[in-house]
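What follows is one structure encoded as structure tokens, with my remarks underneath.
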């Protein structure tokens, strides 16, 4: 039973089994041909023999309504099929013989979504929390860094975005570690520099190094990987700390180079290499303790956006939970420990946890002997020693915390440098031992 199909273009002639073996069934649904076409049948075929049954395909005046399709139509949902079983079209490519592969992009053999995109969308996780690998990220810190980095990769109308973000604050407050957590959260592998690289015996070497690292990060961005330039302790390498530091030519060139990059972030050239091609813009994140020691034009608002990091009580508790996360310390004990030391930096609690292991190390040394420590730790066939995790109670933590605080007080109180200049005696060095009763033991 052949039927002639007439369309605007050339349409292949095909055999259409309109009835099968029974009677009364209509031709194939117009949904088979797409949503924008409809079928006009001149007459209904009453029996299995079709003499000259012809139908015409013309453009539809309106979209096909699902209510017009009958339940008996086996192809009624084919035009709207976006089910996952169509993934089999692409999964078989390259895995089975081409004889058994369905033709691509022909008829119904059209993958609604590729397998890679389907799996990626199915496995994607949207993490908007401020926890990374069990470590706490302060919400204000996360917000500042993510917004600054995102702005530098956007094209905002008539907006000059500062290239440099300066994170500064007290010592030991976790500025660098919080930055690294944010980078890990965003999937960024930063190009890192330290203050020690901002000085050299050769004039101009640090400035050239900054440009090299910047262009290295720019090349990574061109390859489709988000990257930033991260400089630790900028004020220690480029700042002036009173009369104890000497301002060198390299300090001047480092400041001038950062100012120039902030003004022209897409035109950073190396000495002797000048090309007209613009490089990708790279956000710069710097940390420091006191930005007032830096060159004032460098830290002006158009070049550097400044963020003073002063963790709140909630931030300190959150970070300490991450520090003691594997030790089984109750949350109420962590809160009490933090509240009893409000003036201490966050790094204090990390040093406190490390101090608790002193007893375990002391036991191990007494077991192997002092003379065998080197053989057991360096290139030992037995491997490094392992310890059972010590139980950390609040009383033990408070005891070691008081010891750390006492050492801090000794440094501030016993200033031997001033004593050496003023008198020949040792000052408070022996006086402490005499008062404590340990001098004559």
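Every residue gets a Cβ built from N, Cα and C, even glycine.
Counting only residues at least six positions away in the same chain, the Cβ atoms of 311, 319, 346, 347 sit under 8 Å from the Cβ of residue 174 (ATP binding site). If you look up Swiss-Prot, you'll see 167, 168, 169, 170, 171, 172, 173, 174 marked as ATP binding site.
Excluding 167, 168, 169, 170, 171, 172, 173, 174, which define the ATP site, the same chain contributes 175, 287, 289, 309, 345 within 8 Å (Cβ to the Cβ centroid), listed in sequence order. The C-beta environment of residue 167 (ATP binding site), restricted to residues of the same chain at least 6 apart in sequence and closer than 8 Å, consists of 141, 144, 145, 175, 179, 285, 286, 287, 288, 307, 309. The DSSP secondary structure for residue 170 (ATP binding site) is coil.
Figure note: comparing Cβ neighbours within 10 Å for the binding-site residues 169, 172, the maximum is reached by 169. Cβ neighbour density within 10 Å is lowest for 171 among the binding-site residues 168, 171. For residue 173 (ATP binding site), the count of additional Cβ atoms within 10 Å of its Cβ stands at 22 [all protein chains shown].
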